[in-house]
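Worksheet: the structure to be examined is printed underneath.
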Amino acid sequence: MKILSSDQMYAADAATLKNQGITSLELMERAATLCFNWIHEKLKGDPRRILVFCGVGNNGGDGLAIARHLIQHGYNISCYVLNYSEKRSGEFLENYNRLKEMGEWPTMINSSEEIPEIDSDDLIVDAIFGIGLKRTVSGFTSELIKKINAISPFSLAIDMPSGLYANNPNCEGDIILEATHTLTFQGPKLSFLLPNNAPFISSWEILNIALDEEYLQSIKTEYNVVTKFLICSIYKERDQFSHKGTFGHTLIIGGSYGKIGAAVLASRAALKAGSGLVSAYIPKCGYNILQASIPEVMVEVDSENELHHFNFKCNPTVIGIGPGIGTSEKTTKGLINFLKDNATPMVVDADALNIIALNKEFLNSLPKNSVLTPHPREFERLVGGWKNDYEKLEKLQSFSKEYKVIVVLKGKYSVIANGNQLYFNPTGNTALATGGSGDVLTGIITGLIAQGYDTFDAAIFGVYLHGLSAEIGMENLTEETFIASDILSYLSNAFREVKN
Ligand SMILES: NC(=O)C1=CN([C@@H]2O[C@H](COP(=O)(O)OP(=O)(O)OC[C@H]3O[C@@H](n4cnc5c(N)ncnc54)[C@H](O)[C@@H]3O)[C@@H](O)[C@H]2O)[C@@H](O)CC1
Ligand SMILES: [K+]
C-alpha cells in the first residue's frame, strides 16, 4: 500500500471528484459518515458526553458533519469551532449551515477563556487540523490541545492528530494531540510510522473513502506499507517435484564462547523458513551444543572459542553472518579477510555489522544485494546520527543506494529499504523485544533467500512472518513470556495465514 504525501492526497481527492462525478462536499460526507458509523458501532447510543472540536478548514468540515450525524442519532454532544482564522473552507461553511438549519449552533471559541470544561470520561472528537496543517499550532488552539492532553480523555482524531504534520518533521516543542485513536482516510500518513511520533499516534486505522483506484495506481511514491496482499504475491508455492536441493543451502556463520545459542537460533530459523540444507560454521566449543540441539544442521568448526579463520568447506547458496560472533581482534581480522574474497550473497547482522561499522571501507566488499539487518543503534554506528526520523529515512535510502544493499532497519514498523524504495512492516509486537529475536530474523531471511526468493522479497517476507508469528503467539502466550524460540513455534501458523 502506498503512503501518500498530503499533496498526493489532495491530488487523489481532486481526481476522485472528477472521475466519480461527485462534489467535494459529497466526498466529505462519505468520509464523515464512515467516522460516524465507527463511533456509533462502538458507543451504541451511550449517553456519555461527546465534545467535537472543529477547525475552520475541511478537517473541521468533517467534524461538523460527524456532529450532525451524532445529533441525529440522539447522542449527547457539544460542538465547538476553534475560530483561529477568518478563512473558512467552502465545505466547512456548508456543513456549518446544515447544523444551523437543524437549530444546533456550534459554539465559537475565540480565546483560551472560552475553552470548555473537559472531563476524563468525555469522548473528544478532534477535527481541528488534518493534512492541511502548515505551521506550528499556537494561541488558544494549542491551549485546548494541551488541556486535552493533560486530562487525557479518550480522544478520537479525525484523519490526523491535530498538530502533527503528515509527512514533515514537527519542531521541538510543537503542541500535538496525544490521540487515543486515529481514524485516517484512505491510507496511513508517513508520520504515523515514525518512532518520534509514538506519543501522538498510539493506534490508528484506515477508513476507506474509495478514492479513484486508477489514479491511486498511477501515483509514484517511495514509501509503502507491507500488506497481506503484497506478501501473498511474494509467496511461492512449492513445486511437487522439488527435493532438498531445490531449496538451497544456507550457511550460518555465528557464535562465540557463551553465545552459541545465537547460531543455534539462526540455524534453526533458516531450516524452519524452508532452506533445503543448513550448515553452521561456529567455534569448536559449540560443536556438541549445536549438533545436539538441531540434528538437521551440519556443522563445521573454526578455532576453539571464537571465529578466526572463516575457512568452511561447504558451498552455500547464501550466508547469514554475525549472530553471536563478538568483536574480538581475531574475529574482526578473520571477518575482514573473509569479506575481501567472498562473493556469496549474505545476510549481515549483529556483531558482523558492528565490525564493519568500525571498518567502513569493507562496506564496498559486500556482494551486491546483500541484506543488512541493523537495529537503530547498529545503524547509527554505520551512518552516524540523525536529526529526526525523516533524516534517518533519508540516510537509509542513501546508504542502501551507495552500497547496493537491502537494509532492514528493525523496530516497530521495521523499514526494509532497497535504494529509495522503503517498505514499512506492520506486523509484530513488543514480544519481539527479547534476546535472540534478531538472530531468528537473520535465519528466516537467509533461509528464504536460500530457497530462491529474491533478496528484497525475502527481506520483506521474512520481517512480515517474524512479526506475524509473534502476533499469533499471543493466542497462547503473553508479550512477557514469549521468547525468541517461540517465534519458530508459530512460524507455521504465519506461513499458513499467508497461504490461505
Ligand atoms: N475533498 C477533500 O479534500 C476531503 C478532505 N477531507 C478532510 O480535509 C482535511 C484537509 O482539509 P484542509 O486542506 O482544509 O486543511 P485542514 O482542515 O487540515 O487545515 C485547515 C486550514 O488551516 C490553515 N492552517 C494550517 N496550519 C495552521 C495553523 N497552524 N494555524 C492556523 N491555521 C492553520 C490552512 O490554511 C489549512 O488549509 C483532511 O485532513 C480531511 O480531514 C476529508 O473530508 C475527505 C475529503
Ligand atoms: K484532526
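Cβ atoms are placed via backbone N, Cα and C, with glycine included.
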Which of D121, D122, D126 belongs with N59, S162 in the K(+) site listed by TrEMBL: D126
K410, G411, K412, Y413, S414 show up in TrEMBL as binding AMP; which entry in G435, G436, G438 does that record put in the same site? G438
Within 10 Å of the Cβ of K412 (AMP binding site), how many other Cβ atoms can be counted across all chains shown? 17
Excluding N59, D126, S162, please set out which residues of the same chain place their CB within 8 Å of the center of the CB atoms of the K(+) site, keeping sequence order. F53, G55, G60, G63, A127, I128, F129, G130, A157, I158, D159, M160, P161, L177
Cα-Cα distance linking K412 (AMP binding site) and D159 ((6S)-NADPHX binding site), given in Å to the nearest integer: 21
Rounded to a whole angstrom, what is the C-alpha distance between G438 (AMP binding site) and S162 (K(+) binding site)? 36
Among the binding-site residues N59, G411, Y413, the ones with a Cβ under 6 Å from any atom of ligand 2 are N59
For ligand 1, pick out the binding-site residues N58, N59, G411, K412, G438 that have a CB under 6 angstroms away from one of its atoms. N58, N59
